[in-house]
Structures are given as structure tokens and as C-alpha cells.
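> Pasting in a structure now, in C-alpha cells, and then I'll have a few things to ask.
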């Protein structure tokens with residue numbers, strides 16, 4: 001899929017189009033954002049020294065809706081998500097932001113927890129960018145009639161080089177690039193790409209009149225959409241044995257005869273697995289919120305008992 005990487009890079013770098021000026025959020029949402037910002041700790045780093053992946057203006061959201069992914073306004077986001085990261089909707093039901101991941105910085109660093117969140121964001125962006133490239137490659141391969149996308153890699157012959165040799169060479173090249181990314185993160189707080197901690201060779205960030213925050217939010221949205229899309233492609237391949245374009249044609253031709261429930265146990269199992277995961281995720285969020293509410297109460301009881 002290497003010949004399509006240039007096209008994919010352009011698509012990945014371009015922010016989604018939006019007609020007219022950016023709409024202001026409703027007053028109720030503005031109030032929710034104000035309350036959210038006041039209830040969270042203030043970031044210590046200035047915008048000049050912060051990584052370019054951080055928002056210049058906290059809670060600078062373009063999505064219509066509140067700053068919290070949970071549909072009930074009475075719930076509050078986790079304390080470690082302070083709105084300074086792009087795409088921050090308070091989504092961390094399993095509290096991974098406080099325990100998951102080991103950033104390449106000293107554990108004794110006073111900003112270690114902030115580095116962890118930035119490191120997790122780098123992981124999301126990196127996987128999302130790969131997913132955007134993969135989605136374009138999957139669709140292009142099938143649109144050209146070259147067969148299912150999962151069968152293509154083993155049949156490729158890149159410039160007369162056997163596929164295995166190309167894979168080994170690619171891994172060695174990426175190992176060097178990953179080493180540079182780690183060094184960049186230690187020095188600047190972001191990893192970047194191809195040796196640059198701020199990878200923007202076409203200056204698309206500065207060229208967008210909507211501002212850098214819009215670009216950062218747009219990239220995170222596109223990354224998440226691409227990761228979900230590629231997951232859908234993979235599930236389709238396992239359930240139906242067909243590519244996304246062929247599946248779409250079959251479903252549009254006969255919606256009631258070609259859908260996830262008409263492919264036997266595999267389709268039913270997929271629905272059951274995703275439904276169970278969604279239920280566990282919401283239960284975990286309820287438990288996290290309940291725990292957050294109990295902490296102040298316990299502290300108040302302790303203070304009243306000692307006085």
C-alpha cells in the first residue's frame with residue numbers, strides 16, 4: 001500500500017471542511033464548560049513552553065454538545081482530564097490516564113503524570129494516523145479490483161524486492177525513527193514524526209484561519225474515526241469474508257438479507273461482544289463517578305470528627 005501513502009498523508013493532514021464561521025456553543029454548554037474549567041486544576045506550563053499537541057485555549061471544543069461524553073449533565077469528568085488535550089471529552093471510565101503507560105521520562109519528574117497523559121495522546125495520534133493511512137489503502141486496493149485487502153501484502157513485489165525483505169527493511173527504518181521520537185518526547189514533550197517534533201512540512205497548521213486548536217481537535221476526531229473504521233473493516237472481513245466495498249454493495253442491494261445478523265454465529269457474537277463491552281464501560285463510569293462523589297464526603301466526615 002506504499003503507492004497510496006502520499007494520497008493518505010494529504011487526506012490525513014487536511015482538517016474537515018466546515019461551511020461558514022465556527023458556531024458558538026449554546027449558553028448551557030458554555031456554562032458547563034466554565035464549571036468544568038473552574039473545578040479542575042490549572043495547568044502549570046505556559047503555552048509557549050507547552051507541546052504543540054496541547055490546546056492553546058482549554059476546553060476549546062467545536063463539537064456541538066457538552067464537554068463530557070456521558071449524556072447526563074450531572075456527571076463530572078475525571079480530575080486528571082483538565083480540558084487541555086485535544087478531543088478531551090472526559091472519557092476515561094477505567095482511569096487509564098492515572099495508571100496506564102510509561103512515558104520515557106524520569107519517574108521522579110514532578111510533571112510525570114502530565115507526561116503520561118501526553119504520552120497516551122501521542123499513542124492515540126500515532127495509531128490514528130496509521131489507521132487513516134490503512135483505511136485509504138484498504139479502499140483503494142479494493143476499488144482497483146485487486147482483491148481482498150488482507151490478501152494483498154503477501155502478493156506484493158515492491159520494485160523487484162521480495163515482500164519479506166521489504167518488511168524487514170521497513171522495520172529497521174521505523175526502529176530508527178521510533179528512537180528519534182523517544183528522544184523528541186524527552187526534549188520537547190511530543191514525539192513528532194520523521195525526526196521532527198512538530199511534523200508539519202506544508203505549514204497547514206498556521207495556514208488554517210480557524211486556528212491551531214481547530215486543527216488539533218480535527219486530527220484527533222479523524223484519528224478516532226479512522227481507528228473505528230479500520231476496526232469495522234476487520235470485523236467485516238472476519239464475519240463475511242469480504243471487503244468493505246463489496247459488503248456495502250451487498251447491503252445496499254438487499255439490506256434485510258445482507259447484514260451482520262445474516263452471517264451466522266460470527267455476526268451474532270460480534271454484536272454480543274460489543275454490547276457487553278459498552279455495558280461494562282458504562283458501569284465502570286458509574287462506579288468512577290460514585291467513587292469521586294464519596295471522596296469529598298469521607299474527607300468532610302474526617303474533618304468534622306477531628307474538630
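Just so it is clear, glycine is given a Cβ too, placed from its N, Cα and C backbone atoms.
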> For the chlorophyll a 9 site that Swiss-Prot lists with 236, 258, 260, give the additional residue from the candidates 222, 247.
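So the chlorophyll a 9 site in Swiss-Prot includes 236, 258, 260 plus, from the candidates 222, 247, 247.
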> Can you check which residue among the binding-site residues 96, 218, 258 has the largest number of Cβ atoms within 10 Å of its own?
218
> Between the binding-site residues 92, 124, 178, 190, where is the Cβ count within 10 Å the lowest?
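It is 178 that, of the binding-site residues 92, 124, 178, 190, has the fewest other Cβ atoms within 10 Å.
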> What same-chain residues, at least 6 away in sequence, bring their CB to under 8 Å of the CB of residue 247 (chlorophyll a 9 binding site)?
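Counting only residues 6 or more apart in sequence, the Cβ neighbours of residue 247 (chlorophyll a 9 binding site) under 8 Å are 236, 240, 258.
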> At the level of the C-alpha atoms, what whole-angstrom distance separates residue 92 (chlorophyll a 2 binding site) and residue 163 (chlorophyll a 11 binding site)?
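Distance (Cα to Cα, whole Å): 40 Å.
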> Would you mind checking how many other C-beta atoms are within 10 angstroms of the C-beta on residue 146 (chlorophyll a 4 binding site)?
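Neighbour count, Cβ to Cβ under the 10 Å cut-off: 13.
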> Tell me which of the binding-site residues 86, 90, 244 sits in the most Cβ-dense spot, judged by other Cβ atoms within 10 Å.
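Result of the Cβ crowding comparison: 86.
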